[in-house]
Amino acid sequence: MKNLLDLSYDELVSEITSLGLERYRADQILDWVFDKKVNNFDEMTNLSKQHRALLKEHFTIPFLKLLEKRVSKIDGTTKFLWELEDGNTIESVMIFHPGRITACISTQVGCPVGCTFCATGMSGFVRNLTTGEIVSQILSMEKEEGKKIGNVVYMGMGEPLLNYENTIKSIRILNHKKMGNIGIRRITISTVGIPEKIIQLADEGLDVKLALSLHAPTNFKRDQLVPLNRKYSVEEILNAIKVYQMKTGKRVTIEYVLIRGVNDEISDAKKLAEILKGLKVFVNLIPVNPTVAGLSKPSRQRILAFKRILLENGIEAEIRQEKGSDIEAACGQLRLKRKVSSP
């Protein structure tokens, strides 16, 4: 049987009509799934019993199994631990802002990148998520909380561009007006920098936002923080960003986790401003969050000095206010909390 959440709109219409159902039945099914959060064909009462029985023979609509939910006492940020059908686990986060709700979703079980300041990488890599598993995080959170998600950031567990096809397909599903109906400009992909995939993304015709997790201005320092940098250098990544901007004209957010004594020197700030010169970027400075790595954030004075250097050199920058750090839901804190099975 096929997972209905793996299917694009056109694929679903094709599947439905091949079973002898009218085309408009696809819209009825999607209304039940995406609007009403119903994943049981028996509850789809505007379909005949015969049609429901037929659909059950061919499709499943698996929402995720909730294992644990933690709510921040500081800001209401909510973290969900989900179990997948094969017993593996992932985490997703719902973040509340005035007038909007943002979901932070995962694209892989674990992560192959292994950033030294990130808890996810410490768990190792198990497998890519399917398109349906990515989409189901949104539906499962909305069903659990009874609230509509308006913004999505692909900043959870995993590197989205190393699960490229499923990530892109999930974005198209979440954006489709008869499916997720989330505005394309309200969707952000965060990447450590896979040059060929950044350029491929530019050709997709998707008006998503792109965030680059840079974290260091030199290869020497970035090699230590982001091991994948040994394969893709800072220069290669920034060249890909240049091509991306030539093709799309879009500004790119640069994410920079500040770690005391590692990448927070004034010389780091000056070098960062130098390598970003000429690019259309905005820098998010993120004081490192507590993880088992034992790294610590710089002093407030040092963070402000770092930001000031960037501003003085014409680089827009802000200090990101992290949400959910008390429940390990902030940047770099998501991880596998239970034993995982091998692929």
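Placement of Cβ uses the backbone N, Cα and C atoms for every residue, glycine included.
Features reported for this protein in Swiss-Prot:
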ACT_SITE  Glu91  active site, proton acceptor
ACT_SITE  Cys331  active site, S-methylcysteine intermediate
BINDING   Cys111, Cys115, Cys118  [4Fe-4S] cluster binding site
BINDING   Gly158, Glu159, Ser190, Ser213, Leu214, His215, Asn289  S-adenosyl-L-methionine binding site
DISULFID  Cys104-Cys331  disulfide bond
DOMAIN    97-326  domain 'Radical SAM core'
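Feature annotations (Swiss-Prot) mapped to structure.
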residue : record                               : contacts (Cβ under 8 Å, 6+ apart)
Cys111  : [4Fe-4S] cluster binding site        : Cys118, Thr120, Gly121, Ser123, Phe125, Met157, Gly158, Glu159
Ser190  : S-adenosyl-L-methionine binding site : Val153, Tyr154, Met155, Pro160, Ala211, Leu212, Ser213, Glu255
Leu214  : S-adenosyl-L-methionine binding site : Gly193, Arg222, Val234, Ile237, Ile254, Glu255, Tyr256, Leu272
His215  : S-adenosyl-L-methionine binding site : Cys115, Phe117, Arg222, Leu225, Val226, Glu255, Tyr256, Val257, Asn263
Fewest Cβ neighbours within 10 Å, where candidates are the binding-site residues Ser213, Asn289: Asn289
Integer mean pLDDT for the domain 'Radical SAM core' (97-326): 94
Per DSSP, three-state class assigned to Cys104 (disulfide bond): strand
Largest CA-to-CA spread of S-adenosyl-L-methionine binders Gly158, Glu159, Ser190, Ser213, Leu214, His215, Asn289, angstrom: 19
Cβ neighbours of the residue listed as 'active site, proton acceptor' where a neighbour is any other Cβ within 10 Å: 26
